[in-house]
Amino acid sequence: MSPALQGLITILIGVGGCLGYFYFSNQLLDKVIFPARGPKAGQNINRANMVRPWLFLFPAIFALGLYLAYPVVETLRLSLTDRSQDGAFVGFANYQQMFSETKFWEAMRNNMLWLVVVPAASTAFGLLAAQLTDRIKWGAVAKSIIFMPMAISFVGASVIFRLIYVARPADQAQIGVLNAVWLQFEGGTGSFLVLKLLPAVMMLGFAGIVAYVAYILLKPFLGQGSSYSTFGTVLRLAGAAGAAYLVVTSLWQIVQLFSAQLPYGEPQQWLTIPFYNNFFLMVVLIWIQTGFAMVILSAALRGIPEETVEAAIVDGANPFEVFFQIKVPQIMGTIVVVWTTITLVVLKIFDIVFAMTNGQWETQVLANYMFDKLFRANDWGVGSASAIIIMLLVSPILIWNVYNARKEMR
Amino acid sequence: MDNIAGTKSSLTWAVHIATLALVLLWIFPTVGLFVSSFRTVDQINSSGWWASLSAAEQNEVLRAADPDENRVADGDMFVVSGNLFEDGSEKVISVWGTSSRAIDAYVAGETADMGEGESMTVAANGDYEWRGTDEQISGRGQRIFVTAEAPPEFTLANYEQVLLSGDRTDSMAKAFFNTLTVTIPATIIPIVVAAFAAYALAWMDFPGRALLIAMVVGLLVVPLQLALIPLLRLHLGIGIGKGYLGVWLAHTGFGLPLAIYLLRNYMVGLPRDIIENARVDGATEFQIFTKIILPLSFPALASFAIFQFLWTWNDLLVAKVFLIDATGETTVMTNQIVELLGTRGGNWEILATAAFVSIAVPLVVFFAMQKYLVRGMLAGSVK
């Protein structure tokens, strides 16, 4: 049978089955089990109405339970067993094995790098794009174009960017944009300005922003000690420590940048340069996610009351002050939402790494590491253990979301 | 707002320029793929796609016509003449040579002295005249190395190769239909299931409702990586194995939390009066749902449908785990492209075309239904 026909039949059966289930189960309930007639009509109607929600919910609960809730438990169990020993319980042996692999720590380090860079860059670009396009005539068109990569698959985007990064021998014409641009630099003043000074200034700016965030996090402890919950204190201190680490790292990178001898005039295989190739992969996701950030933030910017902005202008604020001191604080909640949503995407990132480097040249990430263990090494124990690590990384966001949803419903 | 003080700020110009730069930066990569998919192999290999509208310089090895058949006597000498390029070519030769060690020995129009009276003249348009003695003008045609400027040329041949050739490695036609077969049921089934559940969660009163909603919000972020191993084991265990049914079920399960969340949030906002009036008028819950709620929820349904369509169409991981078996008969487009990256990593004409075929459908859906996508995103980002 041709797949198209098979597909059509399945659509009919699947969708028909679903609709049939809902229709006939309701009929059964109303006409046969609790008929709304006879001496107990009233009681029957009440009973039917007590059962009905569960009829409506049953398929969804069943699918959610089987496809999402059960796997969480089952994966946890599998991570504690060994497949080659017929699923015998082995305690934390899989985790120990995983923690002893350098590839795992490489994946962890890269995931953390992704976790910092991609949400930050996507949100920043998204905010910039939202602000820029908000008040110009052709803004809608511009938005459409920046938003467009959202529709492109990670695999398609990987092909697009591999075409950008492709390198050819020095004596042939370069067909990758990045190498074509790279070969324009010969090590003169222009190269110094663009390749050393400009990145250094950007890094300094980044370090400055991170330091400012750390300052905000630590502010409550510096002043007259207003009391905070222990949980909040720990979070703040951890955040500040992470920020301090980032500041030191980026300052060190600046030093390295100025002392580095750049290989001018040679086409580069960008995806094989350790450490930096991670950033070339991240660019793909940033390119895709910026549109998402822009759309959400643009709606938030429109929701800002005009009066606050007008009042600031009347008081003599310049456009930058208006943006950073009036608008951004008012949409901080939305920025956090965008940030966490992109964080969720980043934690699960698989396709881009799989299609572009498959984790070679030190670009491994957790999801690809897991896929590797699962289907190439056939080691379900360690594969499950790495899945649990991903789950652990996601769970703070999960708890936060559930907490907020419950608060909203009350 | 900048006009409040009555003067047009110079910042406006900066805004226009910055926006333009950002837009160009964002569309540049996709345009590169699009343009490359219409170029010939020679052109892709000889210049970057950004140069596709200007003439590209190519090196070619060509051969003069077979002397034994084409030579014409001219006194005691023999002459072979003709044009190096096929008919209708607009290539322009800049330099040429008769030896692979000096391919740029002569400029166009010059006559090369090949020793002992043998000579060769090549004009810019490819006309050549090869002159020599009986002995010299025999055997095989003289090799000529030319460096020619080829005018811009676009072709549909790549699309023919990728869509119609039926070539086992290159053909995307089967993968295209497979992807469709995965996508359509995997989009419709979760919508039906979620719509009923969302209605129950929004408008029916029963114990445990708040808990269920909280559960849905929690499951919204559970990474599907966790589900791979247990579900694959389950599918293999109950005999579904790897195939369409498995992938439909998997996509349904993974799509449900977002579907329920989006639809419930939308349905809660529908006016209570309509539903209560219908109840008073004696409508059953099933009738209220199908006749009132569903039509009113169309925007939310459309939003989720687009999300789920894009997600299933662009998915690689779920298809690789639950669908594609060892025979590769059920490969989807994303997987086919990843395999092409391995087998034809340097053949950009095939890669670019295959990739563009796979992203064309989502792009059409995107531009046609952008409004609903934006609306869904605004409702779906968990607050």
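In case you wondered, yes, glycine gets a Cβ from its N, Cα and C as well.
Here TrEMBL flags B:176-369 as domain 'ABC transmembrane type-1'.
The transmembrane segment feature in TrEMBL is assigned to B:13-35 (among others).
Marked as transmembrane segment by TrEMBL: B:175-204 (among others).
Residues or ranges marked as transmembrane segment in TrEMBL: B:210-232 (among others).
Same-chain neighbours of the transmembrane segment (B:244-263): 181-182, 185-186, 189-191, 193-195, 197-199, 201, 216-217, 219-220, 222, 224, 227, 231, 235, 297, 300-301, 303-304, 307-308, 311-312, 315, 318-319, 321-323, 330, 376, 379-380, 382, counting only residues six or more beyond its ends whose CB sits under 8 Å from a CB of the stretch. Look at TrEMBL and you will find B:244-263 (among others) tagged as transmembrane segment.
Counting residues 6+ beyond its ends, the transmembrane segment (B:292-310) has Cβ neighbours under 8 Å at 183, 186-187, 190-191, 194-195, 199, 203, 251, 255, 258-259, 262-263, 265-267, 270, 274-275, 278, 283, 362, 365-366, 369, 372-373, 375-377, 379-380 in the same chain. The transmembrane segment annotation in TrEMBL covers B:292-310 (among others).
Only residues 6 or more beyond the boundaries of the transmembrane segment (B:350-369), in the same chain, are considered here, and those with a CB under 8 A from a CB of the stretch are 33-34, 36-37, 158-159, 161-163, 170, 172, 176, 179, 302, 306, 309-310, 313-314, 333-334, 336-337, 340-341, 344. TrEMBL lists B:350-369 (among others) with the feature transmembrane segment.
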